[in-house]
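Record features, source TrEMBL:
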| type | residues | note |
| --- | --- | --- |
| DOMAIN | 79-159 | domain 'Cadherin' |
| DOMAIN | 160-268 | domain 'Cadherin' |
| DOMAIN | 269-383 | domain 'Cadherin' |
| DOMAIN | 384-488 | domain 'Cadherin' |
| DOMAIN | 488-605 | domain 'Cadherin' |
| SIGNAL | 1-24 | signal peptide |
| TRANSMEM | 615-636 | transmembrane segment |
Amino acid sequence: MRITSTSCICPVLVCLCFVQRCYGAAHHGSIKVTRNQTKHIEGETEVHHRPKRGWVWNQFFVLEEHMGPDPQYVGKLHSNSDKGDGSVKYILTGEGAGTIFIIDDTTGDIHSTKSLDREQKTHYVLHAQAIDRRTNKPLEPESEFIIKVQDINDNAPKFTDGPYIVTVPEMSEMGTSVLQVTATDADDPTYGNSARVVYSILQGQPYFSVDPKTGVIRTALHNMDREAREHYSVVIQAKDMAGQVGGLSGSTTVNITLTDVNDNPPRFPQKHYQLYVPESAQVGSAVGKIKANDADTGSNADMKYTIINGDGAGVFSISTDKETREGILSLKKPLNYEKKKSYTLNIEGANTHLDFRFSHLGPFKDVTMLKVIVGDVDEPPLFTMPSYVMEVYENAKIGTPVGTVTAHDPDAANSLVRYFIDHNTEEDRYFTIDASTGTIKTAKIFDREETPWYNITVAASEIDNPELVSHVPVGVRILDVNDNPPELARDYDVVVCENSKPGQVIQTIAATDKDNSANGARFHFSLDEGLSLNPNFTLRNNEDNTASILTRRRRYSRTTQDTYYLPVLISDGGVPPLSSSSTLTIRVCACERDGRVRTCHAEAFLSSAGLSTGALIAILLCIVILLAIVVLFITLRRSKKEPLIISEEDVRENVVTYDDEGGGEEDTEAFDITALRNPSAAEELKYRRDVRPEVKPLSRHHPSSSLDSIDVQEFLNQRLAEADLDPSVPPYDSLQTYAYEGHRSEAGSISSLDSATTHSDQDYNYLGDWGPEFKKLAELYGEIEPERTT
């Protein structure tokens, strides 16, 4: 098969023997030949043939951006089997087949129906095959070929990063690199000059230049000054086709700013300045401003102001305002128009950040002269001293001069001055001042021990202008006079032991004085000389403002005298000296061998027992509590009463308590007392407690044999057995009491219990002779005797 391409300059024909696949070479005009065997037809045996002419292959090219009315002719496919009778049918498949590329199935001509863009797709891969139109059997194997889109210059260069903003220092050398710009072209760089870009400058000359190949922008002038021009707009063009006529181009803008360097020294606009400052200006206040101009910016314009010389260097100071770059002139000392009316200052302004590359443009400092004119103002009076300290003695009379303050008018008029005290505090009312002379006097009597110091404020004003007032503090110290006698430092409790020895120190005393040390620091102690010599105690002055009390004899006795009184005379060293007398009370106490006090008067007895006050209180409290418990117990016993009714079955002996006194020993009707004395009688007499028994007269004589035969142990055993066998007793244990005294003695009973049943020969008449205290008793026993007789 032969293929013809209109885009090829020299068509090349190549014969292939039964080639199954043929490929176009990678480059135009190259040929790749592959030898292979044909496939056997189905149903026939494989037969080897001599190679014969097959496909003729080449790359097809089609121009991009075709704008013609007819489809663009690409090339022609032709098979050796095609005899021109239309029996061969050509089929085209692959990328764009049927849509972009169409083929005449009879002639094999290929056309492009659309305008192609190489920048979107550079080539298309298609497959071609020749078949028998009648049998639809392939005459040749299917082969693959490529249609390449041939580039034309249809894309202009573009700057993808523009516009650009860049800076370069001013005063840079010529040829300093500023920026490199790059333009891209979408056309094929391997075909022609469509993508070959060159750079040129359209705007920005003669300040900048651009390299046509690399796009590097450089400075084109020496010493470009930012202060002359700061911003530049440079337009760079990129053109393809190597810059030839007809090439496409694109442009971008580069904004270049010159950055500042310190190439301009500061300059004062004037060489001489004049400043007016009133003499009333306060020290530390700002009185004026001055500024040197610097064409630079930022830190390159920073400067420092200094006063380099002049007669006002010690009166004024200057500092720099970092924001405004101004020099602030301040006052260091007060101004006085009357002493000096003007000052001259030489002020220097210098850059703080220097660039030594431009030192030849210096010096980077400037000097100007400032003349300060001091203005005269009416000032208040001026005191000769900033403060005064005066002294006056206490107890001084009212009107005593304390001191004098002096003030004068500092102005040239020298007006008269009037003095007065500001009575703002209570202390100011203790003094007066002479309005003309300024002499301060006392207005009250002072006591240094009460207030040793006073602070007052004295004011002075001009008579012609009372509104101008100045003040000065005055301190008044109250001086001490010896007006307070010394006294004992405290109340001393002096104790002397009974076993003291002669010359023994029993107490050391000290004294105090309200006056200061000049009038009372030295004290002298002595005994009162007006009294006779004390035989018991003496006093020794220790010469250190203390004194010792000493004993003069060996022993002291509390029983003889328990308290002594010792008058002590104390004098100070003031002028004139003052003295006072104090009496010491000395108690006599019993002491241990080591000197510890064992007992002094009444309180010593408690201390000797080793009991403190708290212990005594605790003991007394316990005693009171015990007494309260006893009283409460007795009260409860008295208030508790047993029932008087006893059941008939209760045959146990009981003790019955009655609160009534009865009629005495002869009252035998309430209870038979013999039942308590004689168990045998108690056995026979069992009465109810709630019924008064009718006691029958008992025989005065009982057989002694029956009483003697009763044994206490047998009696108790009998009662115990009865209690155990009695079913009516309570199930719990009970206490049974029997008032049995046992057998009678040989001497008989001395009790009066049986006086009701026995006769007595006792004569009670002698009770009447005992006096009125026994009258009632004599009457009672006197009545008994007649009854017996009867």
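Our numbering is plain: 1 for the first residue shown, then up by one each step along the chain.
Including glycine, each Cβ sits where the backbone N, Cα and C put it.
Predicted automatically and left uncurated, TrEMBL annotations should be read as such.
For the domain 'Cadherin' (269-383), DSSP puts the residue distribution at 10 helix, 55 strand, 50 coil. Looking at the domain 'Cadherin' (384-488) alone, the prediction's average pLDDT is 89. Note: the domain 'Cadherin' (488-605) comprises 7 helix, 55 strand, 56 coil (DSSP; helix = H, G, I, strand = E, B). Secondary structure counts, DSSP: the domain 'Cadherin' (160-268) has 3 helix, 45 strand, 61 coil.
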